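Taken verbatim from TrEMBL:
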type: DOMAIN; residues: 54-131; note: domain 'GHMP kinase N-terminal'
type: BINDING; residues: PRO78, VAL79, THR80, HIS81, GLY82, LEU83, GLY84, SER85, SER86, SER87, SER88; note: ATP binding site
type: DOMAIN; residues: 192-266; note: domain 'GHMP kinase C-terminal'
Amino acid sequence: MKIKVPASSANLGPGFDSIGLAVSLYLTVTVKGAAKEWQIDHQLGDLPHDKHNMIVQTALQVAPQLSHQHLEVSSDIPVTHGLGSSSSAIVAGIELANQLANLKLTKAAMVEIASQIEGHSDNVAPAILGGLVVGTNIDQHFDAVEAPLPPYDFVAYIPAYSLATKKARAVLPRQLDYHSAIHASAVANTLVAALFKQDYSLVSELMEADNFHEQYRAQLVPELMPIRQVGHVYGATTYLSGAGPTVMTMITPDKTVAFIEALRKKGLSDRIEVLHPDRNGVVVDDQ
Ligand SMILES: Nc1ncnc2c1ncn2[C@@H]1O[C@H](COP(=O)(O)OP(=O)(O)O)[C@@H](O)[C@H]1O
Ligand SMILES: N[C@@H](CCOP(=O)(O)O)C(=O)O
């Protein structure tokens with residue numbers, strides 16, 4: 001059995017902790033069979049190779065009675081880079097438990113479980129459902145609504161350095177003054193309305209008008225503003241993907257190559273991936 005989970009690009013600017021997009025990088029878990037102890041084969045740096053791996057920890061949280069398995073894990077989602085690697089591991093763990101323990105969890109139930117574990121739904125909901133998802137928690141349960149897919153390329157500029165989400169959340173203010181919070185919320189609400197209306201001219205303006213997090217995180221990701229400025233030359237919109245450091249640019253496909261060339265000319269020489277929305281979310285292949 002193989003479990004495949006897409007990466008996710010969260011926030012889209014003002015949609016902090018509530019909007020996320022599944023994108024075309026993937027984590028794949030192959031179940032090799034029963035084992036004496038949990039064994040996780042991977043080439044993913046210093047991540048655990050045993051029961052302490054987040055995938056296993058999540059699976060055991062959902063189904064504590066699971067027998068030990070030998071897993072093979074591969075992923076092209078960079079870890080601690082703002083593309084939802086932790087969420088992909090959580091979703092893979094939930095699906096692993098779902099399949100091995102025959103829990104028959106619906107995707108809605110998986111969103112609830114994953115959001116409770118992650119604390120916010122903007123990565124796990126698109127990783128489970130696919131597409132562009134808006135959601136939050138109300139009275140301790142999570143609701144997620146799927147929005148139309150923007151017809152654009154998503155150019156991910158992935159700096160060589162990593163930035164743990166925990167560190168990027170630590171630089172955020174503990175509170176906003178009432179009027180700033182009202183304005184930030186109004187911008188986010190209007191972004192959601194524009195996304196559902198598919199008014200992408202308005203979407204582009206609002207995605208760069210965040211007041212919740214980017215201004216505080218810009219100090220940690222110096223590439224954000226220069227890439228945004230280059231993007232404007234090509235009519236594109238740039239935001240901090242998740243907690244960063246990945247910088248994501250939403251651009252019409254006919255401008256993608258020229259935009260990337262302009263980034264290179266500006267001396268931005270780190271990894272670049274041209275991504276597209278993933279429509280499926282987590283999938284299981286029983287072969
Ligand atoms: N493929 C994976 N397998 C197991 N654990 C993972 C995997 N990817 C990420 N993680 C866990 O998630 C942590 C990174 O989470 P986080 O800082 O939120 O980064 P990101 O922005 O990529 O989600 C890693 O330190 C590791 O504990
Ligand atoms: N809303 C969260 C999103 C974190 O996404 P990740 O891909 O960096 O894990 C935040 O901005 O902290």
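One is the number of the first residue shown, and numbering goes on along the chain from there.
Every residue gets a Cβ built from N, Cα and C, even glycine.
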Completion exercise
Mean per-residue pLDDT in the domain 'GHMP kinase N-terminal' (54-131) works out to 97
Problem - Structural state census, the domain 'GHMP kinase N-terminal' (54-131) (DSSP three-state) - result: 43 helix, 7 strand, 28 coil
Practice task
Please list, in sequence order, those binding-site residues from PRO78, THR80, SER88 with the Cβ less than 6 Å from ligand 2.
Solution key: none
Practice task
Can you check which residues sit near PRO78 (ATP binding site), meaning Cβ under 8 Å from its Cβ, same chain, 6 or more apart in sequence, and list them in order?
Solution key: SER85, ILE158, SER162, THR246, ARG271
Fill in the blank from the handout: In chain order, residues whose C-beta lies under 8 angstroms from the C-beta of SER86 (ATP binding site), counting only those at least six residues away in the same chain, are MET54, GLU118, ASN123, THR165
Completion exercise
Apart from the site residues PRO78, VAL79, THR80, HIS81, GLY82, LEU83, GLY84, SER85, SER86, SER87, SER88, the 8 Å Cβ neighbourhood of the ATP centroid comprises ALA7, ILE77, GLY242
Practice task
For each of the binding-site residues (THR80, SER88), count the other CB atoms lying within 10 A of its CB, then report the residue with the highest count.
Solution key: SER88
